[in-house]
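Let me begin by presenting the structure, written as C-alpha cells, before commenting on it.
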Amino acid sequence: MGDKARRKWLVLAAWPYAYGVPHLGNLIGSVLSADVAARFLRLAGDEVVFVSGSDMHGTPIEVEALKRGESPKDLAERNHEKIKELFERWEISFDNYSKTESPTHIKFVQDFYRRVYENGYVFSDTVQLYYCPKDKIFLPDRYIVGTCPYCGYDRAYGDQCENCGRLLEPTLLLNPRCAICGSTPELRTTTHWFFDLPKLTDALKRYIEENENLPPNARNMSLQILRDGLKPRALTRDNKWGIPAPFPGAEDKTIYVWMEAVLGYISATIEYFASKGEPEKWKEFWLDPETRSVYFIGKDNIPFHTLILPALLIASGEKYVLPWTVASTEYLLFRGLKFSKSRRIGVWIDEALEVFPADYWRFVLVSLRPEQKDMSFTWEEFLRIVNNDLNDNIGNFVHRVLVLVQRKFGGIAPAPLDFADEDLKFREEILARSREVAEFMYAFRFKEALTHILWLSSSGNSYLNFRKPWELDSESARTPAFLALHAVKALAIMLYPIIPRSSQEMWKLLGYKDDIANHRWHEINEAVPPGQELPSPRPLFRKISEEELKAAVEKIEELRASRSS
C-alpha cells in the first residue's frame, strides 16, 4: 500500500438538506462514513477528493421561510453555515463542503441541462399536478403523502416509498393528501419539462450488470426497477426557490431539487480545484475512466445514484465517470424507532456534541454502522461501547504499554532482544490485523474493520498478561515492551480514520512530533524506533458513569425545551 500504485478516488457524501440539523442516522449513513473512507484512502497513499454540500433549494425551505417571515435564501444560508460548523466540530475532513446556491453549482447545472436538452433527452408536456387550494401552492413530490400502490405503506412520498424503495409519481399514490395541512389536494393542469429516462434503459442495464463493484442490495433494487420499466422523470417545478430552468419556454420554472442537487458532486469538485488555482484539474478525476467514485448514501437514496445520476451523466454526452460503487447503509434507529424530531425520538448532531466528545460519538456510530441490517442506537449501548471497547479495551492497553515503558525504561522506546514463539506470534498478529483491517476499509465495511482493530488491542492485553513484563528485569522486558509499543503504533494508525483526534494524541504519546495524517498505512509494519523518547503517559479515554449518562440525557432534553420555548 505504498505511494507507487496511487489510485484516484472521488469520495462523495449525500448532501444534507439545509432544512435542519442532521441526526445521528443521517451522519453515519453518509458524511461520517465518507470521512472514514477519505481518511483511510489518504493514509493508503491514494489521491482523494472528498466533497459534499448543503442542499438548499426546494419547497420545504420555501414553506418554512414563509412561516418565519424571512426569505428562503436567508433561512437556507443560516442553516448551511450551522451545518458546516457542526461538521468541523465532528472532525469531518472535507476538501470542499459546498452548497447548491453557489454560483459554480448554479452555472454548472444550467449548462449541464442545456446539453442534455440539446442531446434530445428533455421534452415538455402538459400534466396534471396536485394543488392545495388551502395553501394555494402546487405540491411537489415530497409534499404529497399517501399509500404506496406497491407495498401499502401509508406514509409514502410522491416521489418514492421509503418502505419498499420504489420510485413513484404523485398520481400513483392512493388516498393522497397535502403534507403541509393534511387536506385533500386537487389536480390542475400545468406544463413541465421531463428527463426521458426510458431512452437510457439499455445503457443503464449494461452499466448495472457490468459493474461488479455495486453491493447486492443496490444491484438487485436497480435491476428490479429496470424490469418494472422506467418512466420519464420531472425536471422542473413551479416553486420559485431553486435554480431557474434553462429550457426554452420554461422561464417561470425551477429545476427539481433532486435533479440538481445530485449534480453537486461534480460542481463541488470544480469549485474545489478552482479555489486551489487549478480550474481544469477536476477533469482529471471526473473524466478519467480509472477514477473510482464512491457515493456514501442511505438505502433510500440508491435509485437516484445507480439509475438517475448515471442516466444524466450519459445523457450529457460528456465522458463523466459513472458511479464505481455506492456504499449504502441500512437504517440506524433509535431504540428500534425511526428518528423523529417532532416526536423527540433520537439524537441530533448538535445535541450530541453538547454532552460527549466527537471521538466518542464517532467510535460508537462506526460500531453501530448498519452495514448489513438496521441497527438500533440506545444509551445503554453507547455506555457499553465507550466503557468496554474504547476505554477498557483500547484505552487500557495503550495506557498499560506507555506506563510500562515509562517505569522500566525511563520513557525511552527499547530495542528488542531475542523473540520467543509467543513474541513472534504477536508480531505476526499485528501485521495480519493491519492487512485484514485494510481489506475491510477498502470494502467500506468499517464496522467489521473496527471489530478487527478491537481484536488486536484485546490480543495486546492478553500478550501482556502472558509475558508479564513488569515482573521481568529491564533486559528481559525489552522484547515484550518493544512489541507492545509496535501494537500501539498500529492501533494509532488503524484508528485514525475513525477517531482522528484521539489517534493524534496516541501518536504524540509514542514520541512522534508531527501529524499522523502525514504518514502512511504501510508504516504499521515498522516498530517505534528504539531510543525514541516518549512523553509522560496519560489516559486517552475515561469511563462514563450511569449518573453522568443520565445527566447527559437530561441536558439534551433541557436544550430541546429551551429551543422550543
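Glycine is no exception: its Cβ is also placed from the backbone N, Cα and C atoms.
Here is what Swiss-Prot says about this protein:
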BINDING   Cys148, Cys151, Cys161, Cys164  Zn(2+) binding site
BINDING   Lys341  ATP binding site
MOTIF     16-26  motif ''HIGH' region'
MOTIF     338-342  motif ''KMSKS' region'
Checklist line | Positions on the same chain near the motif ''HIGH' region' (16-26), where near means CB under 8 A and six or more residues out | finding: 52, 54-56, 58, 60-61, 64, 76, 79-80, 82-83, 86, 99, 298, 331-334, 339, 341, 346-350, 352, 361, 365, 377
Item checked: Per-residue Cβ crowding (10 Å cut-off), top of binding-site residues Cys151, Cys161 -> Cys161
Notebook entry, point to check: Which whole-number value in Å describes the distance between the Cα atoms of Cys164 (Zn(2+) binding site) and Lys341 (ATP binding site)?
Noted result: 23
Check: For the motif ''KMSKS' region' (338-342), DSSP counts of helix, strand and coil?
Finding: 0 helix, 1 strand, 4 coil
Check: What are the DSSP helix, strand and coil residue counts for the motif ''HIGH' region' (16-26)?
Finding: 3 helix, 2 strand, 6 coil
Note to self: Please list, in sequence order, every residue of the chain apart from Cys148, Cys151, Cys161, Cys164 whose Cβ lies within 8 Å of the Cβ centroid of the Zn(2+) site.
What the structure shows: Pro149, Tyr150, Gly152, Tyr153, Ala156, Glu162, Asn163, Gly165, Arg166
Item checked: Reported mean pLDDT - the motif ''KMSKS' region' (338-342) -> 78
Margin query: Within 10 Å of its Cβ, which one of these binding-site residues (Cys148, Cys164) has the largest number of other Cβ atoms?
Written below: Cys148
Notebook entry, point to check: Rounded to a whole number, how many Å is the Cα of Cys148 (Zn(2+) binding site) away from the Cα of Lys341 (ATP binding site)?
Noted result: 24
